[in-house]
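All remarks here apply to the structure that follows.
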Amino acid sequence: MVWQRQHVLGLADFTPEEYQMVLQTSASFQEVLTRRLPKVPTLQGKVVVTLFFEPSTRTRSSFELAAKRLSADVLNFSPGTSSLSKGETLLDTARTFLAMGSDLLIVRHAQAGVPQQLAAEIDRRGSPVGVLNAGDGLHEHPTQGLLDLFTLCSHLDPRRPRLELLQGIKIAIVGDILHSRVARSDIYALVAAGAEVHLAGPPTLLPKDFAHFVPGHTLPVHWQLEPALEGARFVITLRLQQERMGEFLLPSLQEYHHFFGLTRQRLRLCHPDVKLLHPGPVNRGVELSSEVMEDPGLNLIEQQVTHGVAVRMALLYLMGGGRIPA
């Protein structure tokens, strides 16, 4: 099988075959990461540039480590110390890196659509350079959606994670869905896998029209937590993004936790083997109680971090021209 997609800008148009290629390749790199020397020369000589116009430690570090594990040369762009502060446009900055011989651009921006703009400019120039969206505004965060998918499938079958494992499985996504690009990518991936996706959150953070977020599908929307949790096999809880919120969307963090915080008592409504995911960073005592957060038998948060490196290795490898066995 050969990867055909030059840019990964979102999951809205991902095919089942593409999801499966990412899962299969991620599983291979997850094995690489367990070796004494967790490094392979597959992208040796390639130049990967991280263009992060929005603060990030976890995602940027994960991408940088993934690229280095593939033996790529990594350039980290910092807008505060760049020519952008002197008036250079974003496109001019990107053109500079293209002229330097970059092979892959990893882009994170607070404004939705910026990675698409860069990809359009690259396509206009006929360049083979790929753009990988590391999160853009309220649009999408495709690598988080893919690593969450890989984490879920790997939990159900560590040796052969695959899309169909989630068919008919109830998964609740809880929290600030309105401001979450992670939620949007997760929804696309989980619906593609055939999961039964339920959305839960306060009315101010979960508009009713999210029920029709994926064309051709109707997602249950709950403004109370309990119906979403009943029988759920997995629960993905989201960070309250206070930096993106206007005033008056929430009375207080304490009230949010009272109605939507995940506690051990509330989780008794779920499947007996329920597992929790969270994209991080976690607001302890808000989205999750400290008791739940500290229980490694209950949450898959550390696995998400580990799997994030493997999934990003897989995407960089595939976009860099790598193949997987048929």
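Just so it is clear, glycine is given a Cβ too, placed from its N, Cα and C backbone atoms.
Listed by Swiss-Prot as binding carbamoyl phosphate are R58, T59, H141, Q144, G280, P281; the candidate from R35, R36, R108 that the record includes in that site is R108. Long-range C-beta contacts of T59 (carbamoyl phosphate binding site), restricted to its own chain and to partners at least six residues apart, with a cutoff below 8 Å, comprise F52, R108, A134, G135, T143, Q144, G308.
A Cα-Cα distance of 16 Å separates R181 (L-aspartate binding site) from R58 (carbamoyl phosphate binding site). Listed in sequence order, the residues S56, S62, G135, V182, P279 complete the 8 Å Cβ shell around the carbamoyl phosphate site centroid, once R58, T59, R108, H141, Q144, G280, P281 themselves are left out. Using a 10 Å Cα-Cα cut-off from R239 (L-aspartate binding site), the binding-site residues that qualify among R58, G280, P281 are G280, P281.
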